[in-house]
Amino acid sequence: MSAPTRRPAPDAPGAAGIAPAPPAPAAKPAAGKPKRIGPEQVTGAQSVIRSLEELGVEVIFGIPGGAVLPVYDPLFDSKKLRHVLVRHEQGAGHAASGYAHATGKVGVCMATSGPGATNLVTALADAQMDSIPVVAVTGQVGRTLIGTDAFQEADISGITMPITKHNFLVVRQRNPAVLAEAFHIAASGRPARCSVDIPKDVLQGQCTFSWPPRIHLPGYKPTTKPHSRQIRERAKLIAAARKPVLYVGGGVIRGEASEQLRELAELTGIPVVTTLMARGAFPDSHRQHLGMPGMHGTVAAVAALQRSDLLIALGTRFDDRVTGKLDTFAPEAKVIHADIDPAEIGKNRHADVPIVGDVKAVIAELVEILRHDGAPGNLDIADWWAYLDDVQSTYPLSYGPQSDGSLGPEYVIEKLGQIAGPDALYVAGVGHDQMWAAQFISYEKPRTWLNSGGQGTMGFAIPAAMGAKMGRPEAEVWAIDGDGCFQMTNQELATCAVEGIPIKVALINNGNLGMVRQWQTLFYEERYSQTDLGHPLAPHPDFVKLAEALGCVGLRCEREEDVVDVINAARAINDRPVVIAFIVGADAQVWPMVAAGTSNDEIQAARGIRPLFDDETEGTP
């Protein structure tokens, strides 16, 4: 039986009928008409704190030090700002990212000069790649010492120039204006990182504070309103397509466009794929959702992109992990590419219809045109759906028991998602645990899935979960981490314990660097060079004892029959962080897989099992 032209949304209540969550607050400073303050004489440091208060900042993640210490003195008196004293500046950066990702607001981190600032660099690069709005405030040596190799001097502006949207070195007393400009740049257009570096003598000197300051950014005018002619061209291509796909990226979440996306999808009946950064932008339970594309995506999602005749790319950047070998990606497809960042249009794949603008406005205008022209009812995609349904039913996401009888990590993560449910926030590390969490947890709402997608930064999960919990204290927040990632930033659990931030950690402990080991298995003749972290049955460290030493509850699980009980036990503890060490086998692997640098046509559903697409036969090379 052929599939209908468009699949109706389920009428019955339940998981499939969950409505999208209301949009989170926009990534911008506090709304409303600003009150006027001043002018009054204050120190530069006081002007920083006053400015952050007026910008609506709620929490700062940071560590004091010599050059930034003047800021920490007036911070002591603030009744509006909460400071979270992290254990490492990288943790401050990732926590600010987690806060921003979970709330849609600008995250703030703070560090001193030199090593304090350079310790933020990894987190800065991570947030920049994933379009997370964060402002980093750093102290700098005095102006007369800059360039003299003074104690704890580092050219953080020069270092971060390639990995921030904009950075400021404040050499005269205009802290309020600079901070307001940094927040505006970070939150508008394509969200990203901004860095504000302030010399110590500027912080200690006197200045005149008044609010709101005058923002002077004559060269910064991001395009948000799409061109109507481009939208009409796009509507014509959609009406003519026979194998269209909505290729959805993280920009749909950043742009608060999930409701508009659902309206467009249901209006047209077009299948939807959501990238790693877009999980939750469209409900997993929806009949039109084919899952995640890319290196470890579903076979149906990969097949849909490869065999499509029209890619409707929304807020996505055609990343190599999605396209595979670029010159073989979706070879017959025309491309409509909508993105707020003009630099992304045509960067990796030529766009037949380029659209620069806010994705929410783009989709809304497209829906209006399609409704007016009556195009949705004329789409002839029944055969396309029949093909995709067949692929999806033949190659569903699945997993089997571990060959050594050990606890399966996929089972653990799937059960966690079922028990904690779609209202919880899931924050992943990088590698196996990240991919399994993207595959086997059902995401129904935006901003419930946080991960390091572009940089793939190990150590992201624990501090980012801490930041997410600070921003969404009512939500249940789970960090899903491997033992390799966990050992890079687990010290922030002490921060959580001291600050009263009760995150929960599902630690997938296989005793090795799992994703690297998988590549060694597949491509390096099982030569496991420097990937063993210690046997999981006799781990170093003992993660239960480590968790307890850091002020958390430590739990351990080795058997499948105990998984549900231990997860429920962790959920019942809400006065401190909880770490569950799930002891899993060393050789669990992530499938499906497209090997790096190869065509998506070479996808393997499982090791040695390569699907045959519609134009292939047995023996096709």
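Cβ from N, Cα, C; glycine included.
Copied from Swiss-Prot, the annotated features are:
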- GLU89: thiamine diphosphate binding site (BINDING)
- ARG190, 296-317, 339-358: FAD binding site (BINDING)
- ASP483, ASN510: Mg(2+) binding site (BINDING)
- 1-39: region 'Disordered' (REGION)
- 432-512: region 'Thiamine pyrophosphate binding' (REGION)
C-alpha spacing of ASN510 (Mg(2+) binding site) relative to ALA301 (FAD binding site), in angstrom = 29
In this predicted model, the region 'Thiamine pyrophosphate binding' (432-512) has a mean pLDDT of 98
Cα distance, ASP483 (Mg(2+) binding site) to ILE340 (FAD binding site), nearest Å?
-> 37
Smallest Cα-Cα separation from ASP358 (FAD binding site) among the binding-site residues GLU89, ASP483, ASN510 is shown by GLU89
Out of GLU89, ASP352, ASP358, ASP483, which of the binding-site residues has the smallest number of neighbouring Cβ atoms within 10 Å?
-> ASP352
Just how many other Cβ atoms lie inside 10 Å of the Cβ on ALA301 (FAD binding site)?
-> 29
What residues, ordered by sequence, lie under 8 A Cβ-to-Cβ from GLY346 (FAD binding site) and sit at least six positions away in the same chain?
-> HIS337, PRO354
Sort the binding-site residues ARG190, ALA313, ASP483 by C-alpha distance from GLU89 (thiamine diphosphate binding site) and give me just the closest.
-> ASP483
How big is the gap, in Å, between the Cα of ASN510 (Mg(2+) binding site) and that of ALA313 (FAD binding site), rounded to a whole number?
-> 37
CB within-chain contacts under 8 A for ARG190 (FAD binding site), separation at least 6 = SER131, LYS165, PRO222, GLY251, ARG254, ASP339, ILE340, ASP341
Calculate the distance in Å between the alpha carbons (Cα) of ALA313 (FAD binding site) and ASP483 (Mg(2+) binding site), and round it to a whole number.
-> 36
The correct three-state DSSP answer for ALA313 (FAD binding site) is strand
